[in-house]
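Below is one structure, written out as structure tokens; comments come after it.
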Amino acid sequence: MSLLINGARLADGTITDLYLKDGVLADPASAPAGVERFDAAGLLAIPGLVDLHTHLRQPGREDAETVDSGTDAAARGGFTCVHAMANTSPVTDTAEAAEYVHALGEREGHCQVQVVGAVTKGLAGEELAELGMMADSKAKVRVFSDDGKCVSDSLLMRRALTYVKAFDGMVAQHSQDPRLAGSTACCHESEWSGRLGLPGWPSQAESVIVARDVELAALTDSRVHVCHVSTAESVEIIRWAKKRGVKVTAEATPHHLLLDTPLVASYDTTFKVNPPLRTSEHVEAIREALADGTIDVVGTDHAPHARQDKDHPFDIALPGMLGLEQALAVVIEVMINTGRMDWPTLVQRMSSTPAALGQVPGQGRPLAIGEPANLVLVDPTARAAVDAAASKSRSRNNPYHGRDLPDPVVATYWRGRQTYSR
Ligand SMILES: [Zn+2]
């Protein structure tokens with residue numbers, strides 16, 4: 001496919017033509033006269049978004065999502081690469097399992113699928129998984145996570161951090177002390193959890209693990225990444241650790257940037273997520289940290305669930321919400337439209353930095369001649385009410401349903417091919 005995009009504005013304000021040819025950005029001056037054209041006047045062109053934290057549910061829960069449907073949703077959200085979390089069935093904890101998901105991505109993906117390997121066998125938290133073999137496999141795994149569960153054993157976490165150093169890998173931690181916030185914890189511990197009669201999830205159950213992990217990252221001189229930061233206390237610890245030069249990075253989810261605890265009062269299980277929605281003071285701390293770089297990236301934690309897993313009382317329903325399709329919309333709404341962030345910074349937080357952290361070649365690159373044609377065309381002013389029924393995901397647990405939000409993604413191109421068009 002070849003396409004000449006005319007008059008797009010780059011994140012830095014430059015107006016330019018982009019010529020997509022054979023999967024790369026070629027010199028627009030070399031485009032033949034009859035080439036297909038797209039008039040992008042008024043639109044922004046930014047590098048394709050990269051997600052470090054996606055649940056594609058395949059293998060095992062294809063009723064909730066597949067590589068096909070999940071990456072279709074990703075393309076609609078402007079993503080050209082997602083990292084598929086390991087908590088599938090079977091768990092991605094061997095080279096063979098990693099290669100299987102990788103092959104599914106190459107065959108059925110509407111964007112690049114990078115495989116996240118489990119840190120421990122079966123996510124059981126007892127024995128390290130085959131980290132080196134997953135790294136050496138065709139899937140070239142560089143990010144390891146037991147996400148959904150915390151690697152709570154300090155010695156095991158130390159060993160994992162030590163092991164991944166050999167290939168500059170990263171351990172992405174789901175920070176949740178299982179004693180302070182057990183499997184039933186489902187509401188930010190506060191006046192709300194008391195009033196609603198829901199088991200409390202104190203913010204310190206997150207921050208005590210973050211504090212331990214930054215110390216272990218310092219001890220091993222290895223890379224730790226804090227998944228879905230949800231509390232002001234965690235932000236303070238990460239800020240302190242970065243000042244000391246610890247190799248710690250962190251992500252914020254769209255939902256922790258926009259939604260807060262009072263939504264849980266409806267007992268609508270769409271709003272059940274782990275870690276839980278926090279109070280507005282925590283939300284404010286997350287926004288500030290994403291703006292100043294203490295939180296490095298946006299990670300969606302896109303977590304599709306079939307209806308039968310959400311149709312339960314609040315404390316029993318599975319936690320998780322969709323995130324890929326509205327991630328950019330939410331970041332525009334709370335960060336760009338409020339003047340907290342500019343477009344070049346958004347590109348860092350949602351494309352170049354996550355690509356660098358995940359060591360993904362060809363992603364998060366500037367839109368320049370010779371670079372891979374991974375990009376998204378954005379209308380920064382369009383708005384619409386979110387309609388959960390219109391989702392490309394197989395699931396409908398969309399927490400933004402009915403909200404008026406930006407509707408930014410006009411078209412997405414991956415490896416020079418159009419993967420979404422409005
Ligand atoms: Zn997750």
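Including glycine, each Cβ sits where the backbone N, Cα and C put it.
These features come from TrEMBL:
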- 44-234: domain 'Dihydroorotase catalytic' (DOMAIN)
- H53, H55, D147, D301: Zn(2+) 1 binding site (BINDING)
- H55, L56, R57, N87, N274, H305, P319, G320: substrate binding site (BINDING)
- D147, H174, H228: Zn(2+) 2 binding site (BINDING)
- D301: active site (ACT_SITE)
P319, G320 as binding-site residues, winner by CB count within 10 A: G320
Among D147, D301, the most crowded of the binding-site residues [Cβ within 10 Å]: D301
Three-class DSSP secondary structure - D147 (Zn(2+) 1 binding site): coil
Around the Cβ of L56 (substrate binding site), the count of other Cβ atoms that are within 10 Å: 30
Rounded distance in angstrom between the Cα atoms of H228 (Zn(2+) 2 binding site) and N87 (substrate binding site): 16
Contacting binding-site residues for ligand 1, chosen from L56, N87, H174, H228, H305 when the Cβ sits under 6 angstroms of any of its atoms: none
Largest separation between Cα atoms (Å) of residues that the record links to substrate, namely H55, L56, R57, N87, N274, H305, P319, G320: 17
Those residues of the chain, 6+ apart, with a Cβ under 8 Å from that of N274 (substrate binding site): G148, Q176, C186, W201, P319, G320
Between D147 (Zn(2+) 1 binding site) and H174 (Zn(2+) 2 binding site): CA-CA distance (Å): 5
Chain-internal residues near H305 (substrate binding site), provided their CB is under 8 angstroms and they sit 6+ positions away: A64, L318, G320, S395, N397
Around the Cβ of H55 (Zn(2+) 1 binding site), the count of other Cβ atoms that are within 10 Å: 29
Spatial neighbours of D147 (Zn(2+) 1 binding site) among the binding-site residues L56, R57, N87 [C-alpha, 10 Å]: N87
N87 (substrate binding site) versus H53 (Zn(2+) 1 binding site) - Cα distance in angstrom: 11
For N87 (substrate binding site): intrachain residues, at least 6 apart, with Cβ closer than 8 Å: H55, A118, L123, D146, D147, G148, K149
